[in-house]
Each structure stands twice: as structure tokens, then as C-alpha cells.
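Written out below as C-alpha cells is the structure these notes cover.
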Amino acid sequence: GSGNPAGGDSAAGGDATITFIPKQLNNPYTDVVLGGGKKGATEAGFTSSNVVGPLEASASSQVSFINAETQAGTKVIVIAANDPDAVCTALGEARTAGAKIVAFDSDTNPDCRDVFISQVVAKDVALIQTKLISEQIGGSGEIAILSATANATNQNEWIKFMEDELASNPDYKDIKLVAKVYGDDNDTKSFQEAQGLMQAHPNLKGIISPTTVGIAATARYLSTSAYKGKVALTGLGLPNEMRPFVKDGTVKEFALWDPAQLGYVAAFAGEALKAGKITGAAGDTFTAGELGERKVQDGGLVIVGPPTVFNTANIDKYDF
Amino acid sequence: MLASRDAITIYALAVFLVYASISIPRFASPVTTGFLLLDVIPVLLIAMPMTLIIITGEIDLSVASIAGLTSATMGVLWAGGMDIWLVLAISLLVGVVCGIFNGFLIAVLGLPSLAVTIGTLALFRGLALVTIGDNAVANFPKSLTAFFTSKLGATGIPTVMIGVVVVIIFFGVLLHFTPFGRGLFGMGYSKEAAAFVGIKVARSKFWLYVASGAVSALAGIFWTLRYTSARSDNASGLELAVIAAVLLGGVSIFGGKGSIPGVLAGVLLIGSLNYALRLGRVSDVVLITVTGLLLILSVVAPSIGSAIRGWRHTRRAHHNAAQ
Amino acid sequence: MNSALESRKSPNKQPSSRGWTAAAPVLRLRELPVFIALSVLVIVTYLINPLFLSAQGVKDLLLNATIVMILAVGQTLLIITRNIDLSVGSILGLVAFGTGSIFAAMPDIPIIAVFVIGMAFGVVLGAVNGILVTVAKVPALVITLGTLYVFRGLNNAWAGGKQYFAGDRPDAFGALSVDTFLGFPIITLVAVVVVIAVALYMSGTRPGRDLYAIGSDPDAATAFGIKVSKRVLLAFLANGALAGLAGVLYASRFNSVGATTGTGMELTVIAAAVVGGVAIFGGSGSVTGAALGALLLTTITSSLTAVRVDKFWQQAIVGILILAAIIIDRVASLRTAKKLRISEARNV
Amino acid sequence: MQQTDSSGPRRGEPALTLIHAAKAFGPVVALADGTIEILPGEIHALVGENGAGKSTLVKILAGLHRPDSGDFRVAGETVQFRSVGDSKEAGISVIYQEPTLFPDLTVAENIFIGRQPKGRFGLISRSAMVQEAGRLFERLGVPIDPTRIAEGLSIADQQIIEIAKAISLDAKVLVMDEPTAALSGVEVDRLFAVARSLREKGTGILFISHRFEEVFELCDRITVMRDGRYIATHQTADVSVEKIVREMVGRDIGALFPKTDAEIGGVVLDVEQLSRAGVFKNISFQVRAGEIVALAGLVGAGRTEVARAVFGIDPYDAGAITFEGRRLKARDPQAAITAGMGFVPEDRRKQGLVLELSVARNVTLTLRNKLTTAGLINGAAERRAAKDWSERLHVKAGSLEHPVSTLSGGNQQKVVLAKWLAIEPRLLIIDEPTRGIDVGTKSEVHRLISELAGRGIAILMISSELPEVLGMADRVLVMREGQIRAELNRADANPESIMHAATSSAGGTP
Ligand SMILES: Nc1ncnc2c1ncn2[C@@H]1O[C@H](COP(=O)(O)OP(=O)(O)OP(=O)(O)O)[C@@H](O)[C@H]1O
Ligand SMILES: Nc1ncnc2c1ncn2[C@@H]1O[C@H](COP(=O)(O)OP(=O)(O)OP(=O)(O)O)[C@@H](O)[C@H]1O
Ligand SMILES: [Mg+2]
Ligand SMILES: [Mg+2]
């Protein structure tokens, strides 16, 4: 754009504001992430932190929120992009107006943000899920993936790593990925997609669902159907949602990182950017409160921590 | 005229703009104009043919799906290496073809538009999925995408508004100042009586759906280039937003009544309310609730008003009779 | 039977008239095409993939249809009276979340009480629509488009990010949508009972017939002395109750209930009614048809998956199906009209 | 069940009285002093010009409108109806001026809606309902299939179903607002027979009609209204038509059928061998400039259908229509209008007018293509045309901006005429020009038609009223069962010759 969209307001100075724009409001996983974010924002010294966002996770729905934040002169925008490109122009305008952009959870196009706070190394997330499913189905048989939306940046990246791994790792040579379906992070849709998988693929041995809504809905379907105990399920889930299914044997093991840490680190990264301590270049380091020092890697990537595997033995220890 | 529903919406818009400019910090600035207008352009565009269609007593629920299909087509063609101008022309044509399809079913076969366009809402969105699948295409020419977010100097008004204004004027003149428009109002009240004065009911409807398809395609193109992202789910759910705005603008869902200025006010009222709430970081929860309440109020208020007048009138009549 | 009448008619007119009389029930059986389509669909799918009609497959088919079926029945009551309720998805969402909240607050509450409370909640929400429509005399489409937003807003405000999961509810409640009776899932039986009861009411009782009259010509109904407002209000209340029932059943069947539960359901429900032969401008159609429409719409999704049709085609095929239903309906009614014209014409 | 003895009319306590009832719609006072008394076992006529407030009074009796003031008694007791249901319960049954059927329901159900006979399990018994309906139609002597849906019935059939519905209610008071407007002689006779037998049983009947023959033939007493006010009540035997007319109009009126001879010019409309399967067959006729051609026949003879096909509303299967020497496009009313044809349809509320649109817009609707400059409508010219034409036809309206639905029937008809005269047609098709129109307006309409003919306009007039046909037409074409059975010159046309052609030979109406 031309000129300075934020008008004279950027000079207001002093007020250090941070705004989180999640994919969608009123989503339990998001709430945990944002809880960590708020905590981090306070500890990092922001005078005010806000959460704004759409009620539905569609590609373009975040843009007008970014615009409003741009105009409000917000110093740091932390965003989980619904679409890597749709938010780019708006983020560009925000940066012109002086805002620092932290992507978290789901990346934007790397040109449009300063850093990306990633849960874990994408490849690690993919590998742990293939490992879990392989263990649960005994190393051979048909499997399927039930993902979120077809465009979800993070899920698609993991799925790519999973496919590569299944193809290249000799341990998995007997495992066949027969289908990829999308539940759109909608409970009902995911539920019915799970159902469809069973019918379309009578020999299905296992399902990977790398999304919290999807894994819970699939678990619900399996636990209420004849397939309970016959078809294995793993993926990324919230312990609080998955507890009954782990206890009733529908799900043996699944994985997730601590979502709160994601928001927490993002807030500190924002503070570091704002203060000019880092620029997002590889090698920059900043302190993320109680989590200690973090380093910016290639491509502006900041890794939060390794995933945890949950099962009957440990699930009661977690509350998120 | 001054108390009609479209006039009320126009007053409401004026009052709200004044209120927001005074009490919401930063609202009164060219930046607002720019962002706000960019946000409302798709609704504004589609609301034009929608107004005419609702005035004839019909409806088109498939508009957002047409926009989505247009977007998907753009993505696939561009990714396939076609010249961008050809891509735009073909995409527009896709919208026109969708409109012809709707128009054929509704005007030629005489099927009920509400039912038909629920069907084509699913069909066109489905075709968008078939076309582009789960891919997204984002690498449109920079010059073009920049143009779609550029502003007219310091006014903050987006450059594309010039085109949008042309569309608005076109439909406004068509509805209010041409024999064709007169015919639409007549049709809206009574198709049979309209046919008797030589109004070509079926043909008029047909062209309205074609226009709706074409304008929805324009909205789809705008959407794709503004957000630099061609996806199958672009603009999904927009149909209800458009209809809400049109109804808020004083158009009667039964047909026969309504005006372009009213609809313009309806769209801008929802748009500016939306933007003001976002500036104030008020949750979207409030926005959808307020939109719903406004819509209900806009139709209920006049009837409450007339009920009160009627009640007063009877009381006076009884009073006089008693004397 | 009506020999008195037939003897009155001129001889050359009698045969064609009689023909029309005899053909009437068949011609007017608007459910027939839906039923045939459904049968063909199920059989073809079964031949391609026998798993489709396995015990679990059948159970899934019926369970999938249950909720849409109940909603379609309620919606049909309204469409027949020339009204509509776009807010059903939002009502369902509110009631479903309400159900979750009740169990969270009172885990030991009897399940039947939850059904009663859920339906009562639905009735209250339906009453908001109904009262606005009948008292203010404004079009239902506008009002319920408004309440679609308002109810959804309330749901978001109430639920926020909170969701209740299957695990938060008693097992017996969840079991309703798992256990079967004679091969039929229990909640499906609930839906079937609802369909039969409402169908009898609509075709066999005076208030039920009044609803058709109202939809056929509301002004004539007023002039004739039918209590239009009262009946329409009752239809809204019934629709609210059914949406409430659907909400409770939703909570029983699905994993989570929260702020967005039921979003976008309205168009599916209306589509089900349309596919089932309910005329969108009132006056004709049946709840049985709507229920079959719901079954057809939900089955087609499952069936396309079962025969592994590319998932991207599924929505397009649903659209084509809806259009086909409308066109079939139109062709049937044109044929009826033509028959009438020929049967009543003199020997010209 | 009726408990009255069948020993003829019984004059006793009034079945119903309405005194000084008033009703206003906003600024329009529809009824200022509605007063009527109906005795059991009498047939009471209510007459008055268009807009006199007759239908408004009927709607008050029906419970559809609540009077603003006045005293209303049924069987001696003061009542206040809150709805039509209350009025029904009080034993009042009403046939409205405009038929109010449910198009999607069967004929039988239309008759019995709300009181369908019940069968097993307390559910409605369809067969009983159809039988009952059959018996009713037998009594009225009309062959209507009770199992068909009401959609697509002719106005006449609709009116008969309304009558069947009303008499089946066994009411104490039967109110009929212009029940005969759409009926022809035979059906009217049947209706009268039924009305008389109801009178025998002690039913009080209120009968509204603009046809004096009917009023004088059927009714015991006559009440006259003018401008929303009660004027007088007479015993039929003691009063003359002239006196009634004077009271209705408040002045003397001119001749009813002021046919003046016009010079007859060249052929304007030439219809050749027009056919449409199941509707009409081999229709050929010509209409010349300045000539009034009447299409006569019984209701249902297919006259309207021919006119609709000529004007391009309906399609036809074979034949040709030539207008001023040029072949006219089928199925294109706009082409007919452009060629110089106008069409005043029989159902003015559904076809002639866009009821919710203003008077002005209705008048200029036919002119919309002419009142333009550079493709855009010229607002000033539009207003001028509307004002000009409504004045020329003496349209009585509060304001030209009011919806045309608020005008009385007669004034609505004038608006229809105005909008067609505004295009300055060379051929005007007028279907039932004076249906439901009072004597005053009627003579105005007749004068207007003959004046148009005098100016060289060709007129094709469809009318079910024999006096109108005989009084106005230069030539009469008589239709029966979709075919033209006779063509009579003015000299040869008389009631006998027309009725003979309209009904004679096998297959005719019984
Ligand atoms: N709903 C209404 N709103 C406004 N004005 C009305 C309404 N109904 C009737 N009127 C007016 O009241 C007056 C009386 O109308 P009404 O229909 O009672 O006349 P009528 O005697 O039945 O005439 P006609 O013989 O033409 O049927 C007319 O001037 C009419 O325009
Ligand atoms: N919409 C329709 N569809 C099929 N048949 C129709 C339709 N309208 C009328 N008809 C039939 O066409 C025939 C002629 O119609 P109609 O009664 O209007 O004739 P008409 O001679 O114009 O009588 P009138 O003008 O006195 O009412 C009737 O048998 C009628 O049943
Ligand atoms: Mg009248
Ligand atoms: Mg006719």
C-alpha cells in the first residue's frame, strides 16, 4: 500500500500492545494456546494483550481483524493463519505501520511474518505418529489419515512427512496409506468421515488423525461402533478430550505438545522483536520466561518443545 | 416516503456513522474508509442483482458458490499457465454460465427459485471442489493483486471502488429509471398481472439471474485477488450476509418493494458496524447478535408502529362514539 | 360409492373423470420418486460394496439420518404453512450445549428429564420465532434469518471456548445412540415415532389439515375463520420442540457440543424437505416425504463414500440430486395439470 | 340441525341486526352508517353503487373486520366478534365477493375444511367427505369432481364451490356478496332454487347483486346504501327499479346501453382457424374498425381462452392471427400491445391490476416503454399521464399514490380501462366489462365503449350478460364448447337466438 495506513497513531508510543489472532475463537485447543499466550504477554511486559478472531476458520476471515489491529497501532500481532497467503497483504500493511508479526501454530507465507513459533519440528510430529500407528497395528495393514481442512498449512506439512516416511522407511513397507480425508475440524463432519473410511475400506487397520477435533470425533465413532478395538487410532489430541477413550481402550496412545507453551513462547518472541532484540534472522536468541532461552532457526523458525505421548499410564497427570 | 423502511435504514446509517466518528477512536479516518470498503465490496456487488431478484419475488442463494467456483477456476487456469487476462475473462464467463443455468431452471422451466438455488448452492460449490480440489493457488501477478488493495491517493478509497460504483449506478438506474425496472416491481407483486401488460416475466427473470451470475463472478475475482488466494471455499456463507443486508435495506422478501439507496445503506450499516466493533475489539459474538437483532427490528418496528397507531385510532373512534 | 355424483355427469365425461379419480393417489404420491431413488441408491451401492448393508453399515445409515429427519419433520410443518425456520441449526446448537451443561451440573439427573428440558428449551426458542412472526405479522424468512444470528450469538456468548464431551455425560445417555432394538438404533426409533405421529396429525386431523389450508392461501384461511396465528405459532412451537429433541440426540450421538454445534444445518434440512417433495411455497407435501428426503440426502453421502467416488464430487452430486428432485416434482405436477385440462374439456 | 317448521317464511325476531356500524381504514371511511336487519326466512337484498360499503358490511358480519362503533345483535343478543370463528359459531355463513379457495386442497376438502367428517380412530374420513361433497354438487346441479384440487378451476366453478361450502354449513344466516357475478343463467337459476329452499327452512339470507332482475326476482326486501350510509329498506313488491336506482345514485342516470352507430372501417383483427387442444377449436372471426363484436356464450364456453390466445397470453396449436394485415407473433403480449391491442381481463384483481402498486403506477404500466427519453423513464411525463387518464375516466381515489387495492371494485375497473386507453389502442378486447360494477358506473363504461367504437377503435367484448350483449354489439359470435356456433348480426340477435346457439343440441348444459 501507499503511505502509512496507521496514520499519526503510531507515534502514541509507550503502550506496548500485543494481539493474538487465532484460527478461530471458541475452540478448546485454541483456548489452551491463548491461555499460555496471555500469561506470556503479562510476564513479557506488555501493557495490554488482546484476543480477536473470527468465529469460523475460513481463509479470508482473519484479514479484517488484522486491518483493525493495524489501524489501532498494535505493536505485535501473533497469528495462526488459516491460509498462508490470504493474510499476507494485510500483514504487509501492518508491518508497514510498524507492527511485528509472529506466526504461531500454523505458519503464514514466510515473507509475511518475522518469526514462526512451531510446536515442534514438523518432521518429529509426523514421525511420532507413524511410529505409534505402526506399533498399534503390528507393522502391517491399511491405514488412513483424517485431517482438518484441506488447506491447513501445518497438517499438510506433517502429512507430507508421513507419506515420505512410509514410503522410505523399510520398517513400514507393509503399511499402506489408502486414504486421506478431511473433517474440516468440524465434529459432525469428522465423525461421518470416520464412518465413511470404515465402509470404503473394509480392511482398514488404523487411522491417524493429526488434529484434536478429528481424533476425538473418530474416537467417539469407534467407541460407539462395532469397530471398537479392531481399528487402531492415533494422532494429536487433547488429553482432557481423549481421556475416556484411552480408558475404554478405543485409543492406546496419542501425542501432543503442551499448547500453552506455544502461546507463551510467542508472546516472548513478540516482545523480543518489538524491543529489537531479535530480527527473526537465523541464530537470534531470546529468553522465553520460565521456559528459558530459545533460538531462531533457519527460516525464522522457533521450536517450542518435543511432543509428549499420552497413554493410560500418564494421561491423568495432564490437565489441558 | 420518509417513513418507508429504506429511509429508516439510511437514517440509521447516518446516525451510526456520526456516533462512531465521535465516540470510537480512530474511526473517522481515511484508513477506515479503505479497509471498510474493501471488506464490504463483495457483499455490495452481489447485493445489487440480489436486490432486483428479491424485488421480483425470487431469491438467489447460489451467489457465494458462484463466487467460489469463479475463484477455483481462476486458480486452476492461472496455475495451468494461461494468460491472466484470458483467465479473468474465462472466470467471468463461468459466472455467466452459472447464471444462465439458474435462469434456465427458474425462468424457463418455472421452478421455485428458493429450492433451485439451494440445489445450485451445493452444486456450484461442489464443482469448485472438483475444479481445484484441496489446492490453493496464491501466486497471482503482484501488480494485479496490489491494484486490488490500492487506494485512490490519500482519500483511502480503494481504486476498485470505481468499478463497484459503476455497477451500483448501473443497477440503480436499471431498477429505478427504466421500463425494465418498472416491470420488475410489477412482477414482484403479481406475475400474472405483469404478464397482461406485456412484461416478459420469464425473460426478465432469466436476465436477472445471468446478471447475478456475472456480478457474483466479479465478486469472486475480487475476493481471489484481494486475498491473493484461490480456493474452493472462498466466499462461503456469503449468501446469507448479502440477503441480510438487502433485507435490512428495506427490500421486501415478498417482492415489489425496495430501493438501491436503501440496500446501499443496509450493506454499509452492517459493514461499518462490523468494522467499528472490530476497532473496539468487541467480539464477533456481539456482531452477529446485533446483526440479527437489527434485521428483526427492521421488519418488526414498522408493524409495531402501525399496531400502535391502529390501536390509538380505534380508541379514539370508540371514544368519539361513546359521546 | 359416489354413484350419486357420477350419474350426474354427462356420459362422455365420466370415464376420464373416473380415470383421474383413480390416478389421484398415485400421482399425488410425491414421496414415490424419492422412495424409488433411495431404493436404487441403496441397492446399487450394496452391489458394489456389500459392506454398505452390514449390520454396522445399516446402523450408521439410520443414525446419520435420524437428526436431519427430525429437523426436516419440524421444518415441513412450517414450510407447509408457508413459513420457514432458518434458525434450526442455531436452536439445535443451543439445546445441545444446554444438554452438555445440564449433565455437567447434575450428572445424576434422569435422562428423561434431560429430554423434557431440552425440548422445553427448544419450545421457548421456537416461541421467540413464532411470536415475532405471528404477532408482528412479518415474514418468517427474515425473522428466522435474524434469530439464526441471534441464537448463534447467544450460543457463542454462553459457551465461549467451552465444550462438553461424550465423556462428560452418563454412559446410558450415550448408549441411546449405540444400542439397538430389533436392529434399529434407539434414537432412530424415536425419530420414526415422531415421523409417524406427525404424519397422522397432518393427514388425519382437522388442525393438521388447517396447516395445509393456511399454506395454500393464508388470506383465504383468515377469511374462512381458521385461527391462522394460533396454528402457525403452534407449528413454530412444534418445530422448536423437535429441534430441541434433535439437539439432545445430537449430544447423545456426537462427541462434543460447543459454540458452533449445528452451524449451517438449516440448508441441509430445507434441502431434505425439498427433495422429499414439500412445496417450498406451502400447501402441499408431507412429513413422510421430508423424512425420506432426509434419509436420501444422508444416504447419498455415505453411499458415495462407500463406492469410493472422489470426495470432491460428493457435494456436486448432492446438488444435482436436489435439482433432480425439484424437476421430477415439476414434471409430475405439469402432468397432473394437463390431465385435468383434458379430462375437463368438452369434446373439442 | 334446523328446528324451524317448514310452513313458509316466518317473520319474527330478526336473525341478525346491525345498527349504525362504522368502519374506517386509516383516513378512508368505508362504512359510516351500516344498518341492516335480516329476518329468519327472508331473502334480503343489499344494493348500492361500487364502494358504497356493502362488502365492508359483509366483512363485519363475517367477523373479519371489527366495527369501530355500532350495535350488532344476533338473535336478539349483542355480540362482538373477534374472529371469523365467532361469527360461524353464531350461525352466520358468508360467501365473499372474491372466491377464497385453497388451491392445493381438493374440492371436497375446500368445502369441509375445519369440519371434516371423522372415521376410524377419530381420523378424517376422506371417502365420507367426497360423498358429502358429491351430494352437495348434485343439489346445485353441477358436475365438479370433488377429488380434484382447486387449482386451475374457472371463476364460475370457484364461486359454485363457495356456494356449496356456505349452504353446507346449515347456517341461520347466509350472506352472499355478489355470488352471481361470475355465473350464467342456468347456474343462477339453480342457486335461486337452493336459496328459496333455504328460505323455506327459515334461513335468513343477505343477497348482494348489481343485477336488478335478480334482486327483484329473488328477494323479499331491499336495503339501499349510498356512500357508506344506510338509505332505506323497502318491500320488493312496493318499489320500482327506478326508485331504487335513484336512491343508490342520489340522482337520475342516463340510458344503460347508449349504443351509437359508428362508421365501420377495415378489418383490424383477423383470426383464422385458431385451435388449442382441449380448449377451443377452429375459431375464425374478424373485427373491424369502429365495430363492437361480442363473444357470447355460457360460462366455460372458452371465450376467455380465445381472447387470451389472441392477445398472446396463452399459446395455440394451430391457426393464425393477423392484426392490421400483419401476422401477430404467438405467445407475446408485448407484440400485441405494440401492434395496438389492449386487453381488459375478466379477473381485474389478479390480472388487470397490480393491486399493491399505486393507482398512478398501474395506469402508466402499459406506457412504460413510451414515457422514456433516451431509455430512461421521464418521471414528470409519467405523473402527467397518470393524472390525465385517471381524470378522463373519473377514477375516484383518495390519492393517485394510494395502492389501487384500496379502491372499490368499480373504480378499480376504471383504472384498468384507463391504463389500456392510455396506449390509444386500435383494438380493445374487454372481458366481462361490467362484472361486479354498479349501474352508474356501468352506464359510464358502456358510454365509454361506444364512444371508443365511435372513434374507430375495434372492440371485442366478452360478456355473460345478455342485455349487455344485445345492447352494445354490432355483431354477436356465440360460443359453445370451444367452438363458434353462430354469428348473428345486430338485427338477428335476440335472447332466443343467442341462447339457442349457446345451449342447443346434445351435450349441452343440462
Ligand atoms: N382494506 C381497505 N383499505 C382501505 N380502504 C378500503 C378497504 N376496504 C374497502 N375500502 C374502501 O371502502 C369503500 C367501500 O368498499 P366496499 O368494498 O365495501 O364497497 P362495495 O359496496 O362492496 O363495492 P363493490 O360493489 O364495488 O364491491 C371503498 O371506497 C373502498 O375503497
Ligand atoms: N388454467 C386452466 N387450466 C386448464 N383449464 C382451464 C384453465 N382455466 C380454464 N380452463 C378451462 O377452460 C374452459 C373455459 O374456461 P372459462 O370458464 O374461463 O370460459 P369462458 O367462456 O371464458 O367463461 P367466462 O368468461 O364466462 O368465465 C373451462 O372448461 C375451464 O375449466
Ligand atoms: Mg363489494
Ligand atoms: Mg371468461
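Don't overthink the numbers, they just go from 1 along the chain as shown.
Cβ coordinates come from backbone N, Cα and C, glycine included.
Source: prediction; values computed, not measured.
As given in TrEMBL:
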| type | residues | note |
| --- | --- | --- |
| TRANSMEM | B:7-28 | transmembrane segment |
| TRANSMEM | B:34-54 | transmembrane segment |
| TRANSMEM | B:61-78 | transmembrane segment |
| TRANSMEM | B:84-107 | transmembrane segment |
| TRANSMEM | B:114-132 | transmembrane segment |
| TRANSMEM | B:152-177 | transmembrane segment |
| TRANSMEM | B:206-225 | transmembrane segment |
| TRANSMEM | B:237-255 | transmembrane segment |
| TRANSMEM | B:262-279 | transmembrane segment |
| TRANSMEM | B:285-308 | transmembrane segment |
- [ ] Would you confirm whether the transmembrane segment (B:61-78) and the transmembrane segment (B:237-255) meet the contact rule of 3 or more C-beta pairs below 8 angstroms, pairs 6 or more apart in sequence?
- [x] yes
Open item on the list: I'd like to know if the transmembrane segment (B:84-107) touches the transmembrane segment (B:7-28) in this structure, counting it as a touch only when three or more C-beta pairs sit under 8 Å and are separated by 6 or more positions.
Closed with: no
TODO: Could you give the residue numbers and ranges of same-chain residues that sit at least 6 residues beyond the transmembrane segment (B:114-132) on either side and whose C-beta is under 8 angstroms from one of its C-beta atoms?
DONE: 59-62, 64-66, 68-69, 71-73, 75-76, 98, 101-102, 105-106, 230-233, 236, 239
TODO: Tally Cβ pairs under 8 Å between the transmembrane segment (B:262-279) and each listed stretch (B:34-54, B:84-107, B:152-177, B:206-225), then give the stretch with the top tally.
DONE: B:34-54
TODO: Go through the chain and flag residues at least 6 beyond the ends of the transmembrane segment (B:206-225) whose CB is under 8 A from any CB in it; none is fine as an answer.
DONE: 41-42, 45-46, 48-50, 52-53, 56, 58, 60, 62-64, 66-71, 74-75, 88, 91-100, 102-104, 106-108, 140, 144-145, 147-148, 160, 163, 167, 171, 184, 234-235, 238
- [ ] May I ask for the residues of the chain that lie six or more residues beyond the transmembrane segment (B:34-54) and have a Cβ under 8 Å from a Cβ within it?
- [x] 60, 63-64, 67, 113, 149, 151, 156-158, 160-161, 164, 167-168, 170-171, 174-175, 181, 184, 205, 208-209, 211-212, 215-216, 218-219, 222-223, 226, 235, 238, 241-243, 245-247, 249, 251-253, 255, 258, 260, 263-264, 266-268, 270-272, 274-275
